[in-house]
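Shown below is the structure under consideration.
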Amino acid sequence: MATALPPRLQPVRGNETLREHYQYVGKLAGRLKEASEGSTLTTVLFLVICSFIVLENLMVLIAIWKNNKFHNRMYFFIGNLALCDLLAGIAYKVNILMSGKKTFSLSPTVWFLREGSMFVALGASTCSLLAIAIERHLTMIKMRPYDANKRHRVFLLIGMCWLIAFTLGALPILGWNCLHNLPDCSTILPLYSKKYIAFCISIFTAILVTIVILYARIYFLVKSSSRKVANHNNSERSMALLRTVVIVVSVFIACWSPLFILFLIDVACRVQACPILFKAQWFIVLAVLNSAMNPVIYTLASKEMRRAFFRLVCNCLVRGRGARASPIQPALDPSRSKSSSSNNSSHSPKVKEDLPHTAPSSCIMDKNAALQNGIFCN
């Protein structure tokens, strides 16, 4: 049984239910200790990583939205996956800001919302990868190029992804928890039932196995098919997208598998019997880093996405630089302007004769502005 805490570690205020569960699994004392300098730096680093995740996935969404080439089914799924990663970054950032001593100022409902948002992001990401695999498989079987006008299947699959994700994330707050059954409580998530965690891991594992089977079938279809695609460029682009998605799935499995295994250990272990469960934050960080790696994979593996991504970054930089360095034209003296205008009018025919091939005014501009507007002058 858990030992009583010394008076200096007793919380002054907080929720009794949360304290009871955290004390039962052995995590109460650690949450109430003052944060050391090293843990504070780690927290700041995690917050910076989360901000970077949100920023880069937001840029992926903007790049897909602004580029008409990406308005097809495949990139809609990639955009949905970027939205899931963005949500994961926000959810983990909120989780960090509400952790530590602040945990015990939360009600069980707010605690379930805090942790459930992470499960929603995980469920949406996993289901999005499954939806991409299903779409690719159906396309390869029919051997037809993407039809931008037929998007009902895309939105149906994306809608199903979010429905499943929100359902999984809402189950604990709807009653599948261990509020009245302490021996069934998870060590990593003290208010979650071990049965619920085992159920979620089973669902996610089944989805990942299905994804691997679908991509293996797609690979063998491509290798064994004797049918030729009429447009070589479309075929090459399709295979490039396939390679990109396979890399995304592989990285997802590599990043999330350690956390899945840790949850299985949590389900199997007796309370306070497995010290590794108290180091779960590092496994969670590895899983969250997957959301930061996906945009990097898009830009490195897809030439079109790389161009759109870097064009967006360059436009933002040039626009910001132009806003900071906008020149202010000095006012002209009226008398000088009159004399100069009269001189120009008297010599204007000569100038026109001497310079018949003068470049148009649109080309006489700052180089950065020209690049921004897409104007190239000879």
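Each residue, glycine too, has its Cβ placed from N, Cα and C.
Fair warning: this is a prediction, and the values are worked out from it, not measured in the lab.
Residues or ranges marked as N-linked glycosylation site by Swiss-Prot: Asn15. Here Swiss-Prot flags 41-65, 73-101, 116-134, 154-179, 196-216, 244-265, 282-302 as transmembrane segment. According to Swiss-Prot, the topological domain 'Cytoplasmic' annotation covers 66-72, 135-153, 217-243, 303-378. The phosphoserine annotation in Swiss-Prot covers Ser326 and rests on a large-scale study or a structure entry.
For each feature listed, report its degree of burial, its nearest neighbours and the pertinent distances within the displayed model.
According to its DSSP assignment, Asn15 (N-linked glycosylation site) is coil.
Residues 35, 71, 75-76, 78-79, 82-83, 85-86, 88-90, 92-93, 96-97, 285, 288-289, 291-292, 294-296, 298, 305, 308-309, 311-313 of the same chain, all 6+ positions outside the transmembrane segment (41-65), place their C-beta atoms under 8 angstroms from a C-beta of that stretch.
Cβ atoms under 8 Å from those of the transmembrane segment (73-101) belong to residues 11, 31-32, 35, 43, 46-47, 50-54, 57-58, 60-61, 64-65, 114-115, 117-118, 120-122, 124-125, 128-129, 131-132, 135-136, 146, 148, 151, 153-154, 157-158, 161, 241, 248, 284, 288, 290-292, 294-295, 298 of the same chain, restricted to positions at least 6 beyond its ends.
As a whole-number mean, the pLDDT of the topological domain 'Cytoplasmic' (135-153) in this prediction is 68.
Packing against the transmembrane segment (154-179) from elsewhere in the chain are residues 17, 21, 73, 76-77, 80, 108-109, 112-113, 115-117, 119-124, 127-128, 130-131, 134-135, 185-186, 191-196, 200, 203: each is 6 or more residues past its ends and has a CB under 8 Å from a CB in it.
Distant neighbours of the transmembrane segment (196-216): 119, 122-123, 126-127, 129-130, 133-134, 136-137, 168, 171-172, 176-177, 186, 188-189, 245-246, 249, 252-253, 256, 260, 263-264, 266-267; these residues of the same chain sit at least 6 beyond its ends, with a Cβ under 8 Å from one of its Cβ atoms.
Listed as Cβ neighbours of the transmembrane segment (244-265) (distance under 8 Å, sequence separation of 6 or more from its ends, same chain) are residues 81, 122, 125-126, 129, 132-133, 136, 186, 188, 197-198, 200-201, 204-205, 208, 211-212, 215, 274, 276-277, 280, 283-284, 286-287, 289-290, 293-294, 297-298, 301-302.
Remote same-chain partners of the transmembrane segment (282-302), defined as residues 6 or more beyond its termini with a Cβ less than 8 Å from a stretch Cβ, comprise 46, 49-50, 52-53, 56-57, 59-60, 78, 81-82, 84-86, 88-89, 92, 121-122, 125, 240-241, 243-244, 247-248, 251-252, 255-256, 258-259, 262, 309-310.
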Hey, what's the Cβ neighbour count for Asn15 (N-linked glycosylation site) at 10 Å?
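Taking every protein chain into account, the count is 18.
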Counting by DSSP, what is the helix, strand and coil composition of the topological domain 'Cytoplasmic' (66-72)?
4 helix, 0 strand, 3 coil
